[in-house]
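J.: I'd like to ask some things about the structure below.
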Amino acid sequence: MACRSGCCCGSSGPINEDNARFLLLALFIVLYLLCGAAVFSALEQPKEREAKARWAQRFEHFSQKHNLSRRDLRNFLRSYEEANVAGIRVDTVRPRWDFTGAFYFVGTVVSTIGFGMTTPATIGGKIFLMFYGLLGCAATILFFNLFLERVITVIAFVLKSFHERRHNKAVLPQNGRRASEGEKAGRAEVGAVGKREELAGWKPSVYCVMFILGAAAILVSCCASLMYSAAEGWGYLDSLYFCFVAFSTIGFGDMVSSQRISYEGHATAAYRVGNFFFILTGVCCIYSLFNVISIVIKQVLNWLLRRLEASCLLHCCFPRRGPHPHRHPRRNVVAPGHLRACRDPSIETDAINESETDPGRRMSGEMISMRDFLAANKVNLAIMQKQLSEMAVGHPRQSGGSCSHQNGFSGGVGALGIMNNRLAETSVDR
């Protein structure tokens, strides 16, 4: 892998910092999947083998007891599997496609939970689901992003209020003597100016926000688990497992709440309202927590890139041969902070590419190279993305004098764009 300083440990040339971060994240996800597969295989494979052996014994015993051929019994079981897909169960359950059942189904669709216990069986239902889910999932993701924006704003406001109170206590006179009116006025004026300067750029830490969101998610999950344990008869640990699977929109479908026709000793309507409330609140909390954790993961990736930069500088920063006299510096080369100059991050001024530095070839009428063609398309795409972002926000983005990619968090889309410059770790002026 090429180092961030613009030099290259291999023959492929320098690599962009965003691309390096993307490759590190892809490598981390692959390793994470391999480790997860190894752990789950070690934990669940013995149980699967025991279940298969037990089922084979029961199948053989049932066919001999009732004098049935294995072929007839398998055909009967296939028929039950088809009925199971249509929503037919051995135990009595609530109707799947009445209005309340259909409302529960569309809720699992637009929230991307998709338990799988109810699926459309008709061609018309499957076709309608494609178009319905396309708009519904997009609208729900927008709702989650807006919820995240307001949660971050509220948390930042509360934390900033506590910070101001702690700051006000720190500036009080500590000698205990009574100050004169002039001293009080002067101290108040100086303190107000210093306070405004100090608190102007204060932002909450991502770790505080992550702790608050984690505590909120745990509180909602624990309260919901108490309700599910009492109403569904599940164990408390199984209820916690269901809460995480449902709130994180994984939705395996092995455990699904609110599927009975009625609940003995419980108000059925109140339980279903509570189930809807806890799932909605839990999904919003877990979604916000996931996005804040992604900021921490990105910080770890930035730390790894800095370590790779430090190790790469030892081998690549002092090359034995000098630079090529006709080689121009590449754009988007990731150089360390003390070696690269901070340019204006505006897209329009960034449109200058290497082809413009060679006027002789430009004026000679020579055919444009593929590199120049790709560079021009990249600039046009960046301008279009900037215009779409400004239309979505409602006002043009301010381009300050500092580097927009100084800390690796500037820009971004979706939830990362919402949290950009709202937390201390994502601020460009850190």
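Using the three backbone atoms N, Cα and C, a Cβ is placed for every residue, glycine included.
Residues annotated as domain 'Potassium channel' in TrEMBL: 94-151, 217-298. The transmembrane segment annotation in TrEMBL covers 22-43, 102-123, 129-159, 205-228, 234-256, 276-297.
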J.: Could you give me the DSSP helix, strand and coil counts for the domain 'Potassium channel' (94-151)?
T.: 41 helix, 0 strand, 17 coil
J.: When DSSP states are grouped into helix, strand and coil, how many residues of the domain 'Potassium channel' (217-298) land in each?
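T.: Counting residues per DSSP class in the domain 'Potassium channel' (217-298), I get 59 helix, 0 strand, 23 coil.
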J.: What same-chain residues lie close to the transmembrane segment (22-43): Cβ under 8 Å, and 6 or more beyond its ends?
T.: 1, 15, 297, 301, 304-305
J.: Near the transmembrane segment (205-228), which same-chain residues lie under 8 Å Cβ to Cβ, leaving out any that are not at least 6 residues past its ends?
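T.: Sequence-distant neighbours of the transmembrane segment (205-228): 151-152, 155-156, 159, 234, 236, 239-240, 242-244, 247, 257, 271, 274-275, 278, 281-282, 285-286, 288-289, 292-293, 295-296, 299, 423-426.
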J.: If you average the pLDDT over the domain 'Potassium channel' (94-151), what number do you get?
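T.: On average, pLDDT over the domain 'Potassium channel' (94-151) sits at 90.
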